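Q: There's a structure below that I have some questions on.
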């Protein structure tokens with residue numbers, strides 16, 4: 001089926017996945033609050049990442065670094081000088097745009113070229129394309145543009161009681177730098193030898209010029225980042241390892257392989273710190289978008305922090321006697337983006353066999369589903385006994401309890417929020433201590449002893 005972004009966003013709002021931020025005050029541009037189901041979904045995504053990339057990895061450990069860091073961090077990393085977007089203003093509408101994004105949108109919508117990438121073009125090259133193609137502002141309809149200028153993406157604030165330059169600090173634009181400055185602390189305390197990785201999940205902030213597409217591009221977002229340190233010369237081998245590992249993680253969680261692709265960055269597209277980068281992209285209803293950037297950052301970060309701080313980041317290889325600054329592979333995944341990808345991928349509208357009705361269903365992998373099961377008493381008279389099943393299961397799983405409306409409507413409601421299994425407690429359950437378990441995807445029903453429910457669900461949520 002052809003999926004429509006507006007329909008998916010409507011479902012997300014209607015069913016409590018995502019709400020507009022500050023809604024009662026008219027909202028705040030491009031801010032979103034995760035509702036009861038959305039926070040469960042996103043937490044499950046983060047849990048799945050941590051499980052495979054940290055807990056079950058023989059190489060990696062985790063940290064949780066502070067959002068606010070010494071401003072010298074951002075001088076060393078290059079963010080204060082180089083973390084910019086190309087900005088262009090329409091003189092008639094007074095609206096500011098990212099020059100690369102209005103070019104890419106034009107190429108997609110007017111030329112049908114979904115593979116065009118403007119990132120890496122010079123300001124002059126972008127302005128020439130805008131002028132030659134006659135790209136207009138979507139609001140004013142005119143091509144009356146300013147020159148392209150740099151726009152720093154970091155949010156600035158102040159620490160302490162006075163607002164002057166000596167108290168300037170920044171909300172971090174990425175979680176990576178918190179890992180790099182803690183490299184020696186982790187390596188020493190955990191007695192790690194190369195290769196090894198440090199991962200974390202946390203909020204980052206970028207003052208994007210043109211955020212949009214729901215939760216895909218926002219100014220406040222969450223990252224799941226791994227910095228994997230290795231011997232120089234082995235970085236491409238390890239980059240390939242993490243490309244395969246990341247792709248398999250998505251596949252294991254049932255993200256459509258047909259809707260994902262790996263795209264290598266061209267030489268002129270590479271970031272200043274990278275000698276190789278591959279993006280894992282997903283085909284959203286609005287087009288292809290990056291989920292995961294898997295970059296070889298070389299020794300850029302540790303070397304820069306060593307130069308600015310005076311700290312020696314050399315690694316002493318006891319096997320060879322060599323000393324060197326490790327190279328780093330960074331698989332960086334957007335938690336909000338991949339959550340949106342799982343939501344879009346799971347969305348389906350399908351006919352019901354033997355009926356004129358259709359149903360909306362979210363085919364989440366059980367490990368990601370907000371609720372693993374819903375306990376449904378066939379009658380409110382059975383609620384007192386059915387709640388005991390809920391209490392037993394909810395000690396280990398996220399379980400819904402729903403006693404309102406007909407059983408058919410309750411099935412449809414659970415399908416629409418992605419609950420894999422509905423457990424119906426009926427009058428026979430009082431006698432045989434069994435329940436009817438309905439599968440979300442097949443709609444098949446089986447009779448099962450209540451005592452087997454825990455082991456059944458535990459097996460199903462594995463991935």
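Every residue, even glycine, has its Cβ placed from backbone N, Cα and C.
Pulled these from Swiss-Prot:
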- 98, 174, 221, 222, 223, 224, 225, 330, 331, 332, 333, 334: substrate binding site (BINDING)
- 206-208, 216-221, 290-291, 334-337: ATP binding site (BINDING)
Q: May I ask for the distance between residue 98 (substrate binding site) and residue 208 (ATP binding site), taken between their Cα atoms and rounded to an integer number of Å?
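A: Cα to Cα, residue 98 (substrate binding site) and residue 208 (ATP binding site) are separated by 9 Å.
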Q: Just going by other Cβ atoms within 10 Å, which of the binding-site residues 208, 225 has the emptiest spot?
A: 208
Q: Between residue 333 (substrate binding site) and residue 206 (ATP binding site), what is the CA-CA distance rounded to a whole number of Å?
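A: Spelling it out, the Cα of residue 333 (substrate binding site) and the Cα of residue 206 (ATP binding site) are 15 Å apart.
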Q: Taking just the CA atoms, what is the gap between residue 291 (ATP binding site) and residue 223 (substrate binding site) in Å?
A: 10
Q: Compute the C-alpha separation of residue 225 (substrate binding site) from residue 208 (ATP binding site), stating it in Å without decimals.
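A: Taking the Cα atoms only, residue 225 (substrate binding site) lies 20 Å from residue 208 (ATP binding site).
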Q: Whole-number Å only: compute the distance from the Cα of residue 337 (ATP binding site) to the Cα of residue 223 (substrate binding site).
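A: Counting only the Cα atoms, the answer is 9 Å.
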Q: Need one number for the substrate-binding residues 98, 174, 221, 222, 223, 224, 225, 330, 331, 332, 333, 334: the maximum pairwise CA distance in Å, whole number please.
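A: Across 98, 174, 221, 222, 223, 224, 225, 330, 331, 332, 333, 334, the two farthest Cα atoms sit 26 Å apart.
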Q: Please report how many Å separate the Cα atom of residue 208 (ATP binding site) from that of residue 223 (substrate binding site), as a whole number.
A: 16
